[in-house]
Amino acid sequence: MAATKGNLVYAIYRALTHGFSPFLYLHLRWRKHRGLEHPLRWSERLGRPSLPRPPGPLLWFHAMSEIFVNLVQKFNVGEGVAVIPVIKECIRKRPDLNILMTTTTSSAFEVIKNRLPSGVTYQFAPIDTSAVMDAFLEYWKPNAIVLMESELWPNLILDASRKGIALALLNARMSTKSFNRWSKSWLLPLISLMLSKFSVIIPLSNVQAINFQLLLAPPSVIHLSGDLKFAVEESVISERDMRSIEDLKEQFAHRQVWMASSIHKGEEEVILAVHKVLMQEHPHLVTIIVPRHPQHGKDIAQELQKKGQGVALRSQGDKLIPGTNIYVVDTLGELRHLYRTTPIAVIGGSFLPGFTGHNISEAAAAGCAVLTGPYVGHFSDMISDMRRINPLSVLQVSGQSELEQALERLFRDDKVLEAQRVAAKRAYHTLSSGIVARVWNLLDDQLLKHALS
C-alpha cells in the first residue's frame, strides 16, 4: 500500500518536473547570464555531456545541496570536498573503476577541480527532470551511484533503481526542516519509496540514523562510520601559493591575529563590531575576514574604504601596511591554507537566525582555537562530538558580547589560547582516524560487490 502511494506521489512529481522543464531551461540561462553557471559548460546541467564516457565500469559520485524543487540553489562546497578522500581510496583499491564526479555550481567547480585526482571525469550535475536524468544515465551508464549528504532527488534515485543501478548515500543527513517536510503524510510514501532503493545509507550521526529510520529507511542498510567532514587531507599546495601563505605569515608576525571565516551577508556587522571593541585594547590587532562568497568580500572592503578604514584585499595583493588592521580574503579555495596563518578561527554562518553553521574540522586540523556562534544546524553533531572528547576543543558563544569576551581572554592569556588550540587538534585527530577506511569497506561490501558482480 505504501509503495503504491509512493509511486503515485512520484508520478505527480515526475509530471510536474516534466511540465516545468521549459522554465528550468530559461532559469539556467538566467543563471548563466548572472555568472552563476559555467559560461561554456552550463548545458551539462541539461544532461548534455562534454566528455566521452570511458570504457569499463563506472562509479558516479554526486555532491550538491539540499533542495527539493526550489529554483534557488545553495551549494555546500564541503559536501564535494568531503567525498574526495573516499574517491582517492576507491582509486587506490579499485583502479579498474572509472570515476565520474558531479557538482552543481561553477564556484564549487573552482574549489574542487584542483583537488580531484587525475583521471576523474568531472561534469556539472543534471537537473532532476525525467528527460534530463534519463539522458544522463543512458549516456554515462554508471554501475553504481554514490550520493552525498541530503541528495534525495526522486527522478535520479527512482530512474537509477529502475535501470538496475545500485545506490549509496554517504554522510547522510537531513535538516529539521527537511525532516518535518518529508514526514508529512503525503510525502512520507515517496521518501520511503526512495530510501528503499539504497543498498547502503551511512548517516553522519546517531541522531541522523534515527531520523532516516523514522522515514522508513530499511534498518538493514543503515550503517554508522563517523562524519566524513573530519576526513580533511593534507592538500597539495603549489610553490607559488606556499610563498603567498608564508608571506602572509610574515606580515602577521608580532601582531595579534584572528580570523572570521565563511562569513555570510549580515555577519560582517557582528565581526566588525567585535573588531572595533578589541582594537581599543589591542591597537596592532589584525582581523582576517573570509566571506563565503568572494563578491561579498569586495563589497565589505569597499564599504570600509568609504568610511576611511584601512583594509587590505587579498585579490589585489594588498600588504598590511601600518594602520591597516583588516585583511579581507575575496578568493576561493584558500581557506584551509589560510587557517595556518592564524591561531584563532571564528566559524561564520552561525551568528544570525536562519543560518546553519559550517565545517569546523579544517580549522581544528590546522591547530586553531575554534569558536562558533549559536546557529549551527546539523554541525551541532560535529561540535558535540569534539566537545565530548575535550570541552575546550570548540567554544560556542551566544552572540557578539560573548565573542568579544572569549577573544579578549584568548589574546590576554597565552596558556588559555594554547590549551584550546591543542584540544581542537587532538579532538580532530581522534575523530578523523579511520573514517575513510570504514566508509570504503562499507561501500565495497554493501554496494560494489553487488553492483559489479
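Any Cβ shown, glycine's included, is placed from N, Cα and C.
Keep in mind that TrEMBL annotations are predicted by a computer and have not been checked by a curator.
Source: prediction; values computed, not measured.
Noted in TrEMBL for the protein shown:
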ACT_SITE  Glu79  active site, proton acceptor
DOMAIN    41-231  domain '3-deoxy-D-manno-octulosonic-acid transferase N-terminal'
SITE      Glu149  site 'Transition state stabilizer'
SITE      Lys229  site 'Transition state stabilizer'
Spatial separation of Lys229 (site 'Transition state stabilizer') from Glu149 (site 'Transition state stabilizer') - C-alpha basis, Å: 11
Neighbour tally for Glu149 (site 'Transition state stabilizer'), based on other Cβ positions within 10 Å of its Cβ: 26
DSSP state at Glu149 (site 'Transition state stabilizer'), helix/strand/coil: coil
C-beta crowding around Lys229 (site 'Transition state stabilizer'), within 10 angstroms: 24
